[in-house]
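Down below is the structure, laid out as structure tokens.
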Amino acid sequence: MANFPASLLILNGKSADNQPLREAITLLRDEGIQIHVRVTWEKGDAQRYVDEARRLGVETVIAGGGDGTINEVSTALIQIRDGVAPALGLLPLGTANDFATSAGIPEALDKALKLAIAGNAMEIDMARVNDKTCFINMATGGFGTRITTETPEKLKAALGGVSYLIHGLMRMDTLTPDRCEIRGENFHWQGDALVIGIGNGRQAGGGQQLCPTALINDGLLQLRIFTGEELLPALFSTLTQSDDNPNIIDGASAWFDIHAPHEITFNLDGEPLSGQEFHIEVLPGALRCRLPPDCPLLR
């Protein structure tokens, strides 16, 4: 692999003492691969390190962390307007790793790192909310958002993605739907929503396939609504076959407008955003990402 250009790894501070990762990086460096490593400590670090990556002339910026880290790095990359931006590499080190998992990124660190450095760079979409906040994986609203933001860190560290489901079961007494109206291209719905998923990617909340047909290079966002008419069936339908389920509403559009009579909160790759009005739009081909050739998220 000695002929591959330099890369810069932006590593979430929680993974700074990951010994297997240190060993994998050392082995690649011994093969002649140049890998710069930077560790995030506070919000804004990813943007600063992407700026540094451009000054260093690297061709790949690797996001080492969970969905939140991938979001920060990818958002910084799409801000580049002059010249060709570095490609995005994925190194899943978070609690759930929903985007990386659905994209087929290997769990083994050495294999994921090699893919992040040497994989083919494919153009993929991102999404933007209210002309400001971006997400690469999914925007989720409703009960699911409350669960992912409230799940204790110790529970996530111990159980990983399944911690979200367990915490959800513990909070069944708080199940309340959000009344809202959603419009898109050839789509209109209004009613009580228990969970709303608007996906560029397919899964969120620790492996729940909220938007199972989503693709990251089709110029569309997938919508799935779990209505509040039957709360328990809607909650568990992500674990079962959803065909002909009257509690599930699906849609696809390049944009969605959401209006609620009261404040609701969306979780954008782990970052909460509250309000009553949301305009969510796809950004086609917003960045290049190094993905496996059989990535299930590509058409």
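Positions of Cβ are set from backbone N, Cα and C atoms, glycine also.
The ATP site in Swiss-Prot is built from THR40, GLY66, ASP67, GLY68, THR69, ILE70, ASN71, GLU72 plus one of THR95, THR101, THR133, namely THR95.
Comparing the Cα of THR95 (ATP binding site) with the Cα of every entry in LEU215, ASP218, LEU220, GLU271, these being the recorded positions, the smallest distance points to GLU271. A sphere of 10 angstroms centred on the C-beta of THR69 (ATP binding site) encloses 26 other C-beta atoms. Using a 10 Å Cα-Cα cut-off around THR69 (ATP binding site), the binding-site residues LEU215, ASP218, LEU220 reduce to an empty set. Within 10 Å of the C-beta of THR95 (ATP binding site) we count 23 further C-beta atoms, all protein chains included.
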